Amino acid sequence: MSDIQADIAGQTTTGEAGFGDYVQLLKPRVMSLVVFTGLVGLLVAPVSLHPIEALAAVIFIALGAGGSGALNMWWDADIDRVMSRTQKRPIPAGKVTEGEALAIGVALSGISVVMLGLATNWLAAGLLAFTIFFYAVVYSMWLKRSTPQNIVIGGASGAFPPMVGWAAAMGSVSIEAALMFMVIFMWTPPHFWALALFMKGDYHDAQVPMLTVTHGRRTTRTHILVYTVALVPFALAAAFTSIGGPIYLAVALVLNLLFLIGAWRIWRRAEPAAEADKYHVERRFFRLSLIYLFGHFAAFLIEATAPAGALAAAIGWGF
Amino acid sequence: MAIHQDHELHTRRWSRNLGVGLTLAAFIALVFGLTVVKVQNGSLMQGADHTYRSEIDPANQMPVAEPEQ
C-alpha cells in the first residue's frame, strides 16, 4: 500500500500538469496583447474578411504567440528559476517538464502557421512564422543573454501581430501596417526599461544583460527618454494615413504628451529619490505605457467604425 | 459524505483531459466552419464526376495565340 502512495507522490511532481498549467505556458497576458493588436490590424484593413476567417486568423495568430511563448519558457527555464518574477511559471514550479514545453511550443507554432496560411494567405503565415522564429530564436536564444539591446531588437517580435492581421486581410503590407509595427517597436524599450528600473535585482541575479545591469540606471533613464521622443513621430504620423483620423489624432496627442512627461520625470530623477518613494514614478510610467498602447490601438479601431468615418468626412479630413 | 475521495492528481488529470478534449473539439468546429466559408466563397468549381464533359477536356481548350512577329 505504501508503495502505491509513494508512486503517486512521485508522479505529481512532473508530467502531470493540469490544463491551466499548459495555458500558463502560453503566456496568456502576452497573448491577450497579441490578440488585441492582431485583431485591430485585421479590422482596420480596408478589405474585410468573412467573420469565420477573421476569427480563425486571430485564433491562429494567438496560437503562434502561445507557441513562441512556450518555446521561450523552455529555453529560459534556467533563468526563470532565479528571477522572483518568473519562479512560479509552470517549468520552474515543476508542473510542466521542459520536454513537454518544447513539444507544445513546436506543435503550436507549426499548426498556427500552416492553419493561418490555409485560412487566409501565405504572406500572413510567413510573417507569423518569422515572428515566432524572431521571438524564440533571435530574441530568446541569442539576443536576450548577449546584448543590452535585447529589448530593442527583440521588441520586433511583439510588433509584428498587427502587421500579420493586416496581411491576413489584405494579402500585402503597406505604410499603415508599417506604422502600427513601429508604434509597438518603439514603445517596447521604454516599457521594459521602466519595468527593469523597479524590478531591481531580478535581471542582475539572472545575469541577463539588461541596460540597467550593463550600463547603469542613469543611462537607462536617458534611453527611456530618447526612445519615447523617437516614438512620438510614428504614433502621430499614423493619424494621417487611412487608418487614422481626428479621433485618433486627439487620443495620440494626449497620450504622447503624457508619455513624454512621464519619460521626462524618469530622466530627471536621481536614484536615491526613486528608492525613497519605491519607484513610484517608474511604476506609474509602466502603467501608463500599457494605457498608451491600448489607447492607440483602440483609437485605430474606433476610426474604422462608420460614425468616425462620417465625422472625418464632415470636417473634411481625408488621407 | 463521499465514500471515495479523488486524489489531487486525478483532479489535475481530469482538468487536463477535459481541456485538451474541448480544445480539439473547438479546433474541429473551426476547421469545419472555415471549410464551409471557403467553399461558399470559392469560384465555380468542377470536379470529375465520371461523365465526359467537353468543356473541361484540355483537348477542347482554345490555344493561346502566339504574337505575330
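Backbone N, Cα and C define each Cβ position, glycine as well.
According to TrEMBL, the features are:
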TRANSMEM  A:30-49  transmembrane segment
TRANSMEM  A:55-75  transmembrane segment
TRANSMEM  A:96-116  transmembrane segment
TRANSMEM  A:122-143  transmembrane segment
TRANSMEM  A:150-171  transmembrane segment
TRANSMEM  A:177-198  transmembrane segment
TRANSMEM  A:224-241  transmembrane segment
TRANSMEM  A:247-267  transmembrane segment
TRANSMEM  A:288-317  transmembrane segment
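Across A:30-49, A:55-75, A:96-116, A:247-267, the stretch most heavily in contact with the transmembrane segment (A:122-143), judged by Cβ pairs under 8 Å, is A:55-75. Taking pairs at least six residues apart, the transmembrane segment (A:30-49) and the transmembrane segment (A:224-241) share fewer than three Cβ pairs below 8 Å and do not count as touching. Ranked by Cβ pairs under 8 Å to the transmembrane segment (A:150-171), the stretches A:177-198, A:224-241, A:247-267 are led by A:177-198. Residues of the same chain lying 6 or more positions beyond the ends of the transmembrane segment (A:55-75) and with a Cβ under 8 Å from any Cβ of it are 25-27, 30-31, 34-35, 38-39, 42, 49, 89-91, 98, 101-102, 104-113, 115-116, 119-120, 124, 128-129, 131-132, 135-136, 139-141, 157, 161, 164-165, 168-169.
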